[in-house]
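As recorded in TrEMBL:
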BINDING   130, 199, 227  Mg(2+) binding site
BINDING   342, 356  ATP binding site
């Protein structure tokens, strides 16, 4: 077999080398190897990427060891090590002009608004976000469009090959999110973006995106309790972590916060030697392109995004007023901005889908209020599709949803279809269907414990999202709220809007 492999250029065909190492030779007929298609190239990337440890696995490993100091500076040391091996120095990384955004709620939306505003003003944008909904390449965008599969393959194997050749042992490779962070930085520099909008993964101080040294503008969205095993159980500890993205001399912005959280952020700004500004309202008129959005929530994110973009433009053009932001262009950008899976409504023949990836207590309260308000005049029956991941308190979330008075409740896994469960898909499931279903059954028991079974209420579990949708479609017309997990939203969208990534957001 080694003589066969030598027919291939190692750098250009590292995906082939990967497959030879990680799968039995007999599973790849000669015909398949001779006709290695672009689709197979991409699938090989995904398989290799999925072999790296995920954030979920990292969190589990970290939180089963020695306590509060687990999520520490070792992460940034690792990122710097792998950046260097990939041929990307910190000095080169300093060339990126970055807007860095942390927070518990609304950081993705704020980033999306910021990217759209600057793109509409004529700047070439890069946007790194997480998690993805349908395909991992969504996480890295150029001018609002996910990088193409060909580009993803090219950059993935270039970086993977460099790291693989220099590893000291079989485990000496970056985690899933670290790898994608390095890849995003590499792509943005190669594509020569004017500005990179970078969404923090978890926390801030020790998040791997915080390897960035020169960041002119940072934003911190609304704070709440989440990822407590990594960030701490109090709002003060969480604020301390989020405030870690502040850099000396940067322009730092946040929205109104709980009193103790705001106190911590102000202390962090003094420590980091930067100016912190609190943004409450914007002079920009915001009219979303759908009536489905709760305006009081989006207005906070809009106000912060506008402040971030104005600050970036002022720094870029040395406060030259002729290069200031146009209100007309900004309003158009905000009106046309799309961020799927967040207060999204999509109508079908028998089901109207109400999608929101809320997964914290504060966001689920808003989600329930939004659903009740937007469906209050509807004659359709009400249904809930729910799943929650990680160590989040499902009981607290479900209590908030019971006020919606659902007729049908579906507890499903985050697996889209039976075929997806068996494939090396962009959304990989590291537990068996049986384990995932056990969690669904646990959620069902929580629901019944909190509310008690109502006579006419239907409460079921399903191994895939598709099976849950089929169950509803064969009954009556429904207003269906889908919430609890961004991954759940992504699986649903892969079924009802499979071409989501064919256009810019």
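One is the number of the first residue shown, and numbering goes on along the chain from there.
Using the three backbone atoms N, Cα and C, a Cβ is placed for every residue, glycine included.
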If you count Cβ atoms within 10 Å of the Cβ of residue 356 (ATP binding site), leaving out that atom itself, what do you get?
25
How long is the line from the C-alpha of residue 199 (Mg(2+) binding site) to the C-alpha of residue 342 (ATP binding site), rounded to the nearest angstrom?
16
Neighbour count (Cβ, 10 Å) for residue 199 (Mg(2+) binding site)
25
Please list residues from the chain of residue 342 (ATP binding site) whose Cβ is under 8 angstroms from its Cβ, counting only those at least six apart in sequence.
108, 109, 355, 356, 357
Residues near residue 130 (Mg(2+) binding site) by Cβ (under 8 Å) yet at least 6 apart in sequence within the same chain, in sequence order, are 139, 177, 180, 199, 201
